[in-house]
Amino acid sequence: MNLAIPNPNSHHLSFLIQNSSFIGNRRFADGNRLRFLSGGNRKPCSFSGKIKAKTKDLVLGNPSVSVEKGKYSYDVESLINKLSSLPPRGSIARCLDIFKNKLSLNDFALVFKEFAGRGDWQRSLRLFKYMQRQIWCKPNEHIYTIMISLLGREGLLDKCLEVFDEMPSQGVSRSVFSYTALINAYGRNGRYETSLELLDRMKNEKISPSILTYNTVINACARGGLDWEGLLGLFAEMRHEGIQPDIVTYNTLLSACAIRGLGDEAEMVFRTMNDGGIVPDLTTYSHLVETFGKLRRLEKVCDLLGEMASGGSLPDITSYNVLLEAYAKSGSIKEAMGVFHQMQAAGCTPNANTYSVLLNLFGQSGRYDDVRQLFLEMKSSNTDPDAATYNILIEVFGEGGYFKEVVTLFHDMVEENIEPDMETYEGIIFACGKGGLHEDARKILQYMTANDIVPSSKAYTGVIEAFGQAALYEEALVAFNTMHEVGSNPSIETFHSLLYSFARGGLVKESEAILSRLVDSGIPRNRDTFNAQIEAYKQGGKFEEAVKTYVDMEKSRCDPDERTLEAVLSVYSFARLVDECREQFEEMKASDILPSIMCYCMMLAVYGKTERWDDVNELLEEMLSNRVSNIHQVIGQMIKGDYDDDSNWQIVEYVLDKLNSEGCGLGIRFYNALLDALWWLGQKERAARVLNEATKRGLFPELFRKNKLVWSVDVHRMSEGGMYTALSVWLNDINDMLLKGDLPQLAVVVSVRGQLEKSSAARESPIAKAAFSFLQDHVSSSFSFTGWNGGRIMCQRSQLKQLLSTKEPTSEESENKNLVALANSPIFAAGTRASTSSDTNHSGNPTQRRTRTKKELAGSTA
């Protein structure tokens with residue numbers, strides 16, 4: 001009977017390299033300075049014999065775990081599958097009967113390696129014990145080495161030692177491989193003293209350690225906390241024995257320097273390494289950067305690289321990239337560009353990763369022009385960008401608010417035949433969602449489908465967000481339901497995206513239905529969930545339910561954030577609850593929260609509605625004197641009319657562009673609040689101008705629609721003042737078209753969307769009632785609610801033409817040729833109407849009165 005004996009050199013070495021970890025990540029004590037010429041000292045340790053094993057869970061047979069087809073020979077594959085399905089007390093002998101004399105020890109070694117990869121030490125040990133009792137498959141040293149390594153990796157040191165001690169009695173000689181496996185087992189489990197003793201023991205047995213043995217011991221001692229002198233002693237010892245250190249040896253020492261913060265020692269190790277002709281790799285440079293980064297001396301790495309280049313040893317691109325990444329993490333643009341220029345001067349050509357690091361650094365610093373310039377430079381230098389480069393650009397411009405530029409990058413990427421990955425799609429669709437680019441989001445989703453790519457949950461969330469920003473509720477809901485069909489489970493972010501979409505439009509019933517699905521899916525409600533519900537109830541005119549949701553939020557111990565407080569303030573402002581608005585506003589400031597520009601506008605609006613001009617002027621002065629936020633100052637000055645001329649209006653446009661970069665969600669809240677304030681302060685012409693700025697930036701895409709049959713204005717997502725502004729602009733536009741002889745068959749005002757519009761109850765919505773009243777005041781009774789839709793207010797062409805031709809304009813309207821006068825009225829000077837104690841009701845504890853108000857609102861009926 002012939003047994004195929006494996007080549008011990010190749011098999012032992014490959015297995016130990018696969019299962020040894022030379023570079024540790026432990027906390028060490030500080031060491032002394034590097035002295036390569038000294039042998040160093042280490043204290044002898046007493047060998048403790050058997051050590052108690054760590055408790056390990058039993059791995060039971062699992063027939064479903066089968067080996068990959070074609071990975072091994074048929075017999076080896078069959079044996080592995082049989083052993084895998086063997087129950088805990090199943091017979092190993094019966095499994096092996098049909099394989100007797102068919103399998104070599106090489107084949108058995110493959111079986112042990114397969115189970116080692118699974119961490120199945122119990123099954124391996126049972127097979128090993130069975131083989132020890134057989135003649136035809138008695139384990140050789142290779143299998144003993146595999147077994148020791150497997151048990152060591154599982155922390156079973158007593159069993160490791162038991163297997164090792166059995167070798168002589170089983171007629172198996174120990175060699176450097178079995179000793180190294182045992183040394184590694186103790187070392188990786190923190191027993192470096194035992195590893196050192198085993199090293200001495202193998203020498204006493206005339207077994208010469210290999211480079212792998214010394215690397216294992218040095219790594220174990222470095223991780224275990226042996227002092228620096230001891231590590232150098234091992235280093236000197238191996239060199240004394242004629243064993244030349246390799247890249248692993250030096251990297252292990254550099255790792256110890258990095259963790260201990262030994263800068264001078266790291267420098268000397270690196271120099272010795274270069275002098276020995278060892279080429280540094282990525283790990284080498286990473287340890288150097290980590291070491292000197294901790295010491296705030298990254299410039300030292302630059303010096304070392306410069307010395308290498310001047311000495312004729314040109315550092316590779318990896319070294320510079322690691323250093324660039326270190327500077328990028330600290331946001332050091334100047335130093336990073338210095339490294340970039342240094343590598344170019346040294347003749348080292350930047351690669352895609354180099355540019356990616358710099359592009360991300362510029363992007364995170366908001367230097368978008370530099371990002372564009374660097375990307376053009378990258379292309380002109382014949383350095384081809386890869387998917388990772390484009391992903392960084394997409395993320396940078398998406399976060400910066402350059403949403404259309406992100407879509408352009410995607411088209412550029414496709415033209416360059418660079419395959420997008422899921423991160424690419426997620427980044428693009430996220431930008432489309434944030435920017436409300438629903439058509440682009442739809443096209444990218446179709447592109448993915450056409451290429452058999454299943455969108456991730458994050459990608460679907462972006463699509464839903466894009467549809468929601470454009471008030472395309474049906475499409476958003478279809479996308480949400482499609483997720484289930486393709487097996488992509490909605491995340492809490494997906495639910496919130498849909499909730500906020502419905503909330504902005506006041507679609508209360510739809511919002512409640514999605515909330516119910518969220519709860520049914522087992523996802524707990526959090527702050528965003530409550531915030532969306534408060535906004536939905538507010539926009540839908542359900543003020544009592546909005547406040548009740550806020551009370552429920554506090555009861556559930558979910559801490560409100562700034563957006564929560566803003567949402568509650570908007571409820572009070574919409575409901576004209578002045579005292580509650582004031583208390584909410586003052587509590588925000590008392591909590592060291594700077595109220596957002598939206599909050600200031602809400603306060604101005606509610607003061608304007610109730611003609612509290614002293615409070616208006618006081619609040620405007622507070623905005624103008626704000627030293628924390630330039631936005632507050634600019635908007636305050638704009639409201640007062642300081643920026644009306646075109647040259648100064650550019651300042652307003654700059655602020656609006658900055659806000660636009662935050663996405664449509666913030667934009668809708670901002671413009672609604674600002675338009676409300678402008679309208680109620682009598683700044684109607686400025687309100688119309690601001691509304692135009694909003695639509696130019698893609699906000700409220702549903703607002704104005706025209707075709708040959710219908711002209712519509714959709715105000716269901718607008719504040720009261722925003723709605724009045726939009727209706728005024730729309731009516732004046734109709735009037736202009738009449739003068740040109742062009743009128744539609746129908747003029748329609750959309751005041752309510754969603755399920756509610758199917759009911760006549762939609763007419764009781766605050767926005768619907770206010771819109772209808774406004775139309776009655778300005779164009780008599782020609783507009784009326786339709787019978788088929790409770791949220792539509794409509795006028796036929798014949799009535800519209802007759803109405804516009806017979807309406808008597810006011811002098812102001814006649815002068816401007818407008819149907820609705822849009823002018824800026826002077827804001828009343830201070831003292832015109834002082835706020836009295838009875839008006840503001842400052843007395844009493846604000847918190848107690850707030851709680852009382854919540855209970856009263858929540859307990860009342862609509």
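Just so you know, glycine gets a Cβ as well, placed from its N, Cα and C.
Residues or ranges marked as transit peptide in Swiss-Prot (evidence: sequence analysis): 1-66. According to Swiss-Prot, the repeat 'PPR 3' annotation covers 175-209. The feature repeat 'PPR 5' is assigned by Swiss-Prot to 246-280. Per Swiss-Prot, the feature repeat 'PPR 7' maps to 316-350. Annotated repeat 'PPR 8' per Swiss-Prot: 351-385, in sequence order. Among the features that Swiss-Prot reports, repeat 'PPR 10' is placed at 421-455. The repeat 'PPR 12' annotation in Swiss-Prot covers 491-525. Residues annotated as compositional bias 'Polar residues' in Swiss-Prot: 833-848.
In the predicted model, the repeat 'PPR 5' (246-280) shows an average pLDDT of 91.
Long-range contacts of the repeat 'PPR 10' (421-455) within its own chain (CB-CB distance under 8 A, at least 6 residues past either end) are made by residues 387, 390-391, 394-395, 397-398, 401, 403-404, 406-407, 409-410, 413, 461-467, 469-470, 472, 475, 479, 486-488, 497, 663-665, 698-699, 701. Broken down with DSSP, the repeat 'PPR 12' (491-525) shows 26 helix, 0 strand, 9 coil. Under DSSP, residues within the repeat 'PPR 8' (351-385) fall into helix, strand and coil as 26 helix, 0 strand, 9 coil. Secondary structure of the repeat 'PPR 7' (316-350) per DSSP (helix as H, G, I; strand as E, B; remaining residues coil): 26 helix, 0 strand, 9 coil. DSSP labels the residues of the repeat 'PPR 5' (246-280) in these numbers: 27 helix, 0 strand, 8 coil. Across the range of the repeat 'PPR 3' (175-209), the DSSP-based residue counts are 26 helix, 0 strand, 9 coil.
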